[in-house]
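Engineer: For E354, the entry in TrEMBL reads active site, proton donor. Positions annotated as active site by TrEMBL: H385, K513.
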Amino acid sequence: MLPKINPKSTKSWQKLKQIFNNQKFDLRILFNENSRRFSEFSMKTDHFLFDYSKNLINSEVKETLLELAEECQLKAAIEAMFSGEKINETEGRAVLHTALRDFSDTPILVDGKDVKPSIKAVLSKMKVFSERVISGTHKGFSGKAITDVVNIGIGGSDLGPVMACKALQHYKTRLNIHFVSNVDGNHLAETLKNLNPETTLFIIASKTFTTQETMTNAHSAKDWFLKSDAQKDDVAKHFVALSTNKKAVVDFGILEENIFEFWDWVGGRYSLWSAIGLSIVLAVGYMHFEELLRGAYDTDVHFRTTEFSENIPVLMGLLGIWYRNFFSADTYAVLPYSQYLERFPAYLQQGDMESNGKSADRNRDFVDYATGPVIWGEPGTNGQHAFYQLIHQGTSLIPSDFIAYVHSCNKISDHQEKLLANVFAQTEALAFGKTEEEVRAELEQSGKNTDEIQASLPYKIFRGNKPTNTFLFKELTPFSLGQLIALYEHKIFVQGVIWNVFSFDQFGVELGKVLAGKILSEIEDEKSRLDHDSSTNGLIAYYREFK
């Protein structure tokens, strides 16, 4: 079980409060007073550099944050997760996505049974199946090889695979991978309209095989398939399932041998490492998928064994708490300077906000402190021409993570040099800004008179002091992507432990789904009585009038 400690009751929380109230953190001063600041507040691994020197902290803040982790028994919580304890108490489950990428020889027990043989069996099955499809050995009903794969799923059955497939596009096999998640019929229609039923394989990703959006899309995809020359028995050659509901899958027409199982100790938003990652395997090949797993395992080992003072996910999590709970930062920006990572912020939105967007703690009390922030972002340099204005000169403090790569997967002229110049320039500008004196001197140098200077002066001042982390990887590979994803997974875990919330349930998703079921019947039956609030009744009535 996880510890159940209210962080506000700890000595370190109160000390952090005093430090925040009594000290002013100016990055210009912090850097000027300490020539070793970068070396003291950065870390190099074999594959990347983590620079957290441009944060509003000093050694005292760091030490006190580390004390907070100790007082909240973070070490015991980490061991509880890795060892298979049922830390998802609200659902009575272990949390073992880490087991899916564990390359050690140590057994991992759930209810007294080692889960690693089952994991290896599923991975082996994924390997064999993917090799048959990629090689063209697996044929469609007309004898043609598969050319296109459509993954139908939602939430964790979509966001993780979409993100990883886009991120690893440089390693693409001959297959074209498509994703359908939204129950909006336009998503499915636009995906299918240029595909050939003879050469299309569908992956239906639903643990229960009852998820409304996924099964609606699955049945419509099946109808589309059967409108071709395909027969009912041909469904077995073109549909596979990632599910635990064997009966429902077989009733759908999928062969039992084409069911890829996963387990209730794998949360949806942490499931890309499991059978849910079959689309990734088909997209980049099993060898690269295994490298993705190995990269995540590398981070797991670091997280589990490294002292907190040098533990990157721990530091990430603690810095986030410093800004969320003491600076009242409501949002957190994730800014990857790689177009390949265009879906990474969206992936983290689910991972972070669904995990720690909680208001009740592990003691069954409502919290009186802030928990999970809003996570958002876009790839650089696109974001610079969209929302960086607000980060630089807006009224909200927005801590930001910059993610970049020394080497590009595609060397074109000086593109990468210009991209990285923007990374380094943005973090420098956010940290140090431009003072009134600097602006005035610049305007004088450009020949502006006193009146012109006074008129434009306030608009050109950058106050700086905007905190950032920078992750500078050597290159984007399956291994480094695995490292990166796991870093954020563990950051989220650290924050959930300290905020004393359960990070692995998502009851907030359920209420709207239940109400939607009731409203659906009212939409379909125009004569049914509406007994909602006046707004909801009015919306339904308008739909009935014009449908």
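Just so it is clear, glycine is given a Cβ too, placed from its N, Cα and C backbone atoms.
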Engineer: Between H385 (active site) and K513 (active site), how many Å separate their Cα atoms?
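Structural biologist: Cα-Cα distance, H385 (active site) to K513 (active site): 37 Å.
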Engineer: I need the CA-to-CA distance for K513 (active site) versus the residue listed as 'active site, proton donor', whole Å please.
Structural biologist: 15
Engineer: Validating a neighbour-count step here. Other CB atoms within 10 A of the CB of E354 (active site, proton donor): how many?
Structural biologist: 22
